[in-house]
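Q: One structure, pasted below without further comment.
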Amino acid sequence: MTKVGGGDAKNTLYCSFCGKSQHEVRKLIAGPTVFICDECVELCMDIIREENKSSLVKSRDGIPTPKEICKVLDDYVIGQPQAKRVLSVAVHNHYKRLNHATKHNDVELAKSNILLIGPTGSGKTLLAQTLARILDVPFTMADATTLTEAGYVGEDVENIILKLLQASDYNVERAQRGIVYIDEIDKISRKSDNPSITRDVSGEGVQQALLKIMEGTVASVPPQGGRKHPQQEFLQVDTTNILFICGGAFAGLEKIISTRGKGTSIGFGATVQAPDDRRTGEIFRKVEPEDLLKFGLIPEFVGRLPVIATLEDLDEEALKKILTEPKNALVKQYQRLFEMENTELSFQDEALNVVAKKAIERRTGARGLRSIMEGILLDTMFDLPGLDSVEQVVIGPDVVEGKSRPLYIYAERNEKSGTSA
């Protein structure tokens, strides 16, 4: 470290970054071939501090804390507070476990894969995608309905690991810490409570095939995908530290939960059961492993999903918030599209209420909101690029119900016109 002091001009040292001489600064730090002054060091520290403010607060292990994970989930996913808490804790503990494994050998911490149960359109897939974004780890999604046992037409379960490798640019080390989300997991349930005497290659067979990679095994993955050949070279991927999140709507599971413990009887002496008026998401909260077994999942598969998070039905208020509040909310997306035509798109508050009601009637949850919005704005998006000076498009409740056309406000005349969309 060179301190400020007098000296000849020939021997004067300069900061390699800002060009100031050693006489103009308090301290000049010398490297092998460069010098940096205390002012440039302070500037670098300011930049790093600013970046740290915008990033997640980390725990001592360098992993986002459960509260911070939950907070970021709130930015993208509306509602589902209990599911967010369960996921935040499970994911935090999983990556804490990975750090622990490199430091201690006395206690081995087991992996806790996650099962998400909730009605369609309640946010299962979005939660998994957002988690991967928060943690900056490789993430891939697989559809359980396309999977079959090895040797049959369809995708092998090893293809899931191949997709994870592709998401990590074939960095095996990074892929081995990734997250896999398997959607439609309820579709691979076996068709009856009793083990089948015939081969069920896309149901129970897939559950059996998934057991080893979910628990932890070294999978041989063909780099180019497809079926395995004897002459082909394989990549060896250890799945022990890959977090598996399985999600499904589990249609019909609510009936199994509701009737649990009540028994069944027929004939004149049978007890008439009162209908269960609770919402599906509310019933799901009472789910037990035995209910999943009755639904058609095999015991070994249920045992490998120790963490169960249930999602609620989205009500009208939640659907309305989904339209406007998240960072990538639907209304914001369409407003950005209209901005590209130099037009402002605005929705009246009552119009958003009607959109939410329509989604509830369709029973498609948040997933149905986009199709409703497309139907409302289709004609406007078709005509708008060919119209001049449309400053604003206003959508009211009558427009959503199909009783009237959007209101156009023109910049030239500065007057309102109910011109056809």
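Every residue gets a Cβ built from N, Cα and C, even glycine.
So Swiss-Prot lists these for the protein:
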- Cys15, Cys18, Cys37, Cys40: Zn(2+) binding site (BINDING)
- Pro119, Thr120, Gly121, Ser122, Gly123, Lys124, Thr125, Leu126: ATP binding site (BINDING)
- 3-56: domain 'ClpX-type ZB' (DOMAIN)
Q: How many Å separate the Cα atoms of Thr125 (ATP binding site) and Cys15 (Zn(2+) binding site)?
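A: Here the two Cα atoms lie 52 Å apart.
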Q: Compare the C-alpha of Cys15 (Zn(2+) binding site) with the C-alpha of each of the binding-site residues Gly121, Ser122, Gly123, Leu126, and give the closest one.
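A: Checking each of Gly121, Ser122, Gly123, Leu126 against Cys15 (Zn(2+) binding site), the shortest Cα distance is to Leu126.
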Q: Output the one of Thr120, Ser122, Thr125 that, of all these binding-site residues, has the highest number of other Cβ atoms within 10 Å of its Cβ.
A: Ser122
Q: Ten-angstrom check, please: count other Cβ atoms within 10 Å of the Cβ of Gly121 (ATP binding site), all chains counted.
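A: Step by step: centre on the Cβ of Gly121 (ATP binding site), count other Cβ atoms within 10 Å, giving 23.
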Q: Under 8 Å Cβ-Cβ from Cys37 (Zn(2+) binding site), six or more apart in the same chain: what's there?
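A: Looking at Cβ-Cβ distances below 8 Å from Cys37 (Zn(2+) binding site), excluding near sequence neighbours, one finds Cys15, Phe17, Cys18, Lys20, Val25, Arg26, Lys27, Leu28, Ile29.
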Q: Give the sequence-ordered list of residues that share a chain with Cys40 (Zn(2+) binding site), lie 6 or more positions from it, and have CB atoms under 8 Å from its CB.
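A: Counting only residues 6 or more apart in sequence, the Cβ neighbours of Cys40 (Zn(2+) binding site) under 8 Å are Cys15, Phe17, Cys18.
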Q: Enter the number of other CB atoms within 10 angstroms of the CB of Cys18 (Zn(2+) binding site).
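A: Result for Cys18 (Zn(2+) binding site): 13 neighbouring Cβ atoms inside 10 Å.
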Q: Highest CB neighbour count within 10 A among the binding-site residues Pro119, Gly123?
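A: Highest number of other Cβ atoms within 10 Å: Gly123.
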Q: Give the sequence-ordered set of same-chain residues, not counting Cys15, Cys18, Cys37, Cys40, with Cβ within 8 Å of the centre of the Cβ atoms defining the Zn(2+) site.
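A: So the additional residues around the site are Ser16, Phe17, Gly19, Lys20, Val25, Leu28, Phe35, Ile36, Asp38, Glu39, Val41.
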Q: Mean pLDDT for the domain 'ClpX-type ZB' (3-56), as a whole number?
A: 76
Q: Would you list the other residues of this chain near ATP - those whose C-beta lies within 8 angstroms of the C-beta centroid of Pro119, Thr120, Gly121, Ser122, Gly123, Lys124, Thr125, Leu126 - in sequence order?
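A: Apart from the listed residues, the neighbours are Gly118, Gly247, Ala249, Leu311, Gly365, Ala366, Arg367.
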Q: I want to verify one value. Collapsing DSSP to three states, which class is Ser122 (ATP binding site)?
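A: For Ser122 (ATP binding site) - judged by DSSP and reduced to three states - the answer is coil.
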Q: If you draw a 10 Å sphere around the Cβ of Lys124 (ATP binding site), how many other Cβ atoms fall inside it, taking every protein chain shown into account?
A: 27
Q: Quick one: what's DSSP say for Cys37 (Zn(2+) binding site), helix, strand or coil?
A: strand
